[in-house]
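Going by TrEMBL, these are the annotated features:
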SIGNAL    1-15  signal peptide
DOMAIN    22-104  domain 'Saposin B-type'
DISULFID  C29-C94  disulfide bond
DISULFID  C57-C68  disulfide bond
BINDING   D142, H144, D207, H385  Zn(2+) 1 binding site
DISULFID  C157-C162  disulfide bond
DISULFID  C163-C180  disulfide bond
BINDING   D207, N247, H349, H383  Zn(2+) 2 binding site
DISULFID  C309-C357  disulfide bond
DISULFID  C506-C510  disulfide bond
Amino acid sequence: MRLLVLICLLFGVLGSLETKNKLVECEVCREVFREAQKWALDPNIWEYPIDIAVEICKKFEGYTIPVCLGAIKENVLIVTGSIARHYLDPEWACSMLEFCDSPKYVKENFTEWQDNILQSKPSAPAPTPSGQGTYKFGHISDLHIDIYYQEGTNNNCGLPVCCRSWNGPGNSGYWGDLQCDLPVRTLEVTLDQMSQIDLDFLIVTGDIPAHDVWNQSLSYNLNYQQVVADLFEKYFPTTPIYYMFGNHGPFPVNNLDPRNSSVFIDPFTQIWSNWLDAQAIETLKSTWTYSMVHPGTNLKMVAINTQACNNDNFFLLENATDPMGQIQWLAKELAAAEQSGQVVYLFSHIPIESGDCLDDWAAHVNALVDRYSNTIAGQFYGHTHKDQWSITRGVKSLTPLSVQWAAPSVTTYQGMNPSFRVYEADTVTKLVTDIHQYRLNLTAANENPSVTPTFELAYSFLDYYGLPDLQPQTLLDFANTWMANETRSLQYLDAYYGVPGAQTSCDQNCRLVLVCDRIWGTNALQSICTGTPEYGLINGLYIALFGPWVYKQ
Ligand SMILES: *[C@@H]1O[C@H](CO)[C@@H](O)[C@H](O)[C@H]1NC(C)=O
Ligand SMILES: *[C@@H]1O[C@H](CO)[C@@H](O)[C@H](O)[C@H]1NC(C)=O
Ligand SMILES: *[C@@H]1O[C@H](CO)[C@@H](O)[C@H](O)[C@H]1NC(C)=O
Ligand SMILES: *[C@@H]1O[C@H](CO)[C@@H](O)[C@H](O)[C@H]1NC(C)=O
Ligand SMILES: *[C@@H]1O[C@H](CO)[C@@H](O)[C@H](O)[C@H]1NC(C)=O
Ligand SMILES: *[C@@H]1O[C@H](CO)[C@@H](O)[C@H](O)[C@H]1NC(C)=O
C-alpha cells in the first residue's frame, strides 16, 4: 500500500513539477525504490506465493513432492533477492529512468574490449608437438559419489537419486547402478587403478556430491569434499592434483554468491589445502580461481571457475558483469604466462561451449583463448557426464586454435559406465598427443560382486578415429567429414555415451548439430552454425534477466 502511494506520488509529483528540480526528482525516485526494494527483500511477502507453489507441487504424484519442495525452499529467496537487488536498486533504477545524473552506468563495449585484447597477439605460428617424448596425466570429472548408496535397493524410486536403503528393496548392484550415483567403493577402485598408471599429475574438474539436491546442506556437501580429499590422499599421496569444484560444490546446488562466498570457499580451501599453495588459497578466496606452476616444469595450471557463468547460479541475476573479476584475472594470468615463457593448461567444470555458460562470459574467455592460443596448450572440462570435445576458433580468423576436452563422468548417473582418462602430452610444447579412455563395464562388474572389477581401455583417440594427431585443424577437418559419413558420427556417439551402440542412426539434422557443436567454441556460435535459436521464449526471457555487462562509474 505504502509502495503504491509512493509510486503515485512519484509520477504525480514529478509529472506536475513545472520547475524540473533534478535533485528532488532523484531523491523521490530513490526513496520509492528503497521502499520497493525493502518490500521485495522481505522474506515474509514470499510466504504466500511459496505456499501456492507448494500446493501446485503437491498436486504432482508421489515422490516428486520432496524434490519440488526442496527446490522451492532453497531457491526462491535467492532468485527474488537477486532480482530485487538488480532491478530495484535505487541508484541503478533512478539512473536508468534518468531521474538521477549520477552514478553513471556504462554498458561494456565488448567489441572494443576484444579488439584491445586481440591487437597485441603475436604473429608467431601455432606450436606443434616436438616429437621429443611424452608424459602422462590423468583427468576425472563428475564423481558424484553417494555415501548412502546401497546394493539390493530400488533404482527407480521416482526421485532424482535412488538406490538408498529407504527407497525399498530392488536390484541395484554391488558396484553401482546406471540409474544412480556411484558407491564410494567404486570410486576407490577407480582411483586405485588410475594410481597404478605412471601419471605426472591429475586434473579433477569437479562435482563430487550425489544428486540428492533437494535434501542437502552446506555441511553435507562439504563432507563429500572431505571424503574425496581423503581418498586422493590415500591413493595419490605424492601426485599433484589440480582440482576445481563444479556447480554441485556449493549449497544450494549451482548457487554461489559473489558477495558472500566465504561460507563455502573458506572450508573448501581448508579441505584441499594439501594441493593448494598459499597464493592459490588467496585467489580462490578473492576470485574463485587459482594458478599453480607444476613443479619442475614451465607448465602453469590455470583454474577458472564457471560458477561465474553458470546460468543456474541465481545470485548472478543481481550482477552478471565479470563476477569476482575473473575475466580480468584470467587476462593478467595469461599475459604473465606468455611473458615468462610458460605454457598453460586451462581447466574448469563447465565447458565454455556449453549452453549452461552465459554468453557474455563465454565470449570473453573465447577471445582470451584466441589471443593466448600459443600459450594455452590445453583446455579441460567436465559437467555433461559425456565424452565430448569442441574447438575454439580465432574470433576473426576463424582458424581452429584450441580444443575444449570434456571428460566423461566417473559416476554412472545417468546411464554412464564409470570412466577415467589419461592424456599423453608432448614434453616440450605440452600439447596433447593422444587420449586413452578407460571404462568399467558395470554390468559385467555386478555379475561378480566379490571380484574387484577392472577398468578396460575403451579406446585410444588417434587409433579409434584413425587420425594422425590431435591438432585443432585435424579435428575440425575430421568433424566436417561427418556430414557426409554417418558411420563417423556414430563412432563419436559411441564414445560420447560411453556405451557402444547406444544410438544407431544419426540423420542430416542430427549430424549438423553434432558437427556444429564440435567446430565452434561457444553456444552462441554453435547456434548460428545450426541455424536454430539459442533459447526458446521462456529461456530467452530468463537469460535476458541477467542483463548485459554494465559498469558503475
Ligand atoms: C564500441 O567500440 C567500437 C570500437 O572502438 C566502436 O566502433 C563502436 O561504435 C562502439 N560501440 C558502441 C555501442 O559504443
Ligand atoms: C534426506 O536425507 C536424510 C539423511 O541425510 C534421510 O534420512 C532422509 O530420508 C532424506 N529425505 C528425503 C526426502 O530423501
Ligand atoms: C552469507 O551467507 C551466510 C550463510 O548462507 C548467511 O548466513 C549470511 O546471512 C549471508 N550474508 C549476507 C550478507 O548475505
Ligand atoms: C559388458 O558386460 C556385459 C555382461 O558381461 C556384456 O554382455 C557386454 O557385451 C559388455 N559390454 C561391453 C561394451 O564390453
Ligand atoms: C566413413 O568413415 C568410415 C570410418 O572412418 C570409413 O571406413 C568409410 O570408408 C567412410 N565412408 C565413406 C563413404 O567415406
Ligand atoms: C557489477 O559488478 C562489477 C564487478 O564487480 C562492477 O564493476 C559493476 O560496477 C557492477 N555493476 C553494477 C550495475 O553495479
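Each residue, glycine too, has its Cβ placed from N, Cα and C.
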Over the span of the domain 'Saposin B-type' (22-104), count residues by DSSP class, listing helix, strand and coil in order.
68 helix, 0 strand, 15 coil
Cβ-Cβ neighbours of N247 (Zn(2+) 2 binding site) (radius 10 Å):
20
Work through the recorded positions one by one (C57, C163, H383, C506, C510) and name whichever has its CA nearest to the CA of C29 (disulfide bond).
C57
Quick check: which same-chain residues outside D142, H144, D207, H385 lie with their CB within 8 A of the centre of the Zn(2+) 1 site CB atoms?
S141, L143, G206, G246, H248, G382, H383, S409, V410, T411, Y413
H349 (Zn(2+) 2 binding site): which of the binding-site residues D142, H144, D207 have a C-alpha within 10 angstroms of it?
D142, D207
By CA distance, which of the binding-site residues (D142, N247, H383, H385) lies nearest to C68 (disulfide bond)?
N247
Tell me, which recorded positions from C57, C94, C162, H383, H385, C506 are within 10 Å of C180 (disulfide bond) if we use the C-alpha atoms?
C162
Candidates H144, C157, C357, C510, namely the recorded positions, that fall within 10 Å of C163 (disulfide bond) by Cα distance:
C157
How many Å lie between the Cα of C510 (disulfide bond) and the Cα of N247 (Zn(2+) 2 binding site)?
28
So, three-state DSSP: helix, strand or coil for C357 (disulfide bond)?
strand
Using a 10 Å cut-off on Cβ-Cβ distances across all protein chains shown, tell me which of the disulfide-bonded residues (C57, C157, C309) has the largest neighbour count.
C309
Count of other CB atoms lying within 10 Å of the CB belonging to D142 (Zn(2+) 1 binding site):
28
Tell me, roughly as an integer, the mean pLDDT over the domain 'Saposin B-type' (22-104).
89
Please name which of the recorded positions listed here, C94, H144, C162, is nearest in space to C309 (disulfide bond), Cα against Cα.
H144
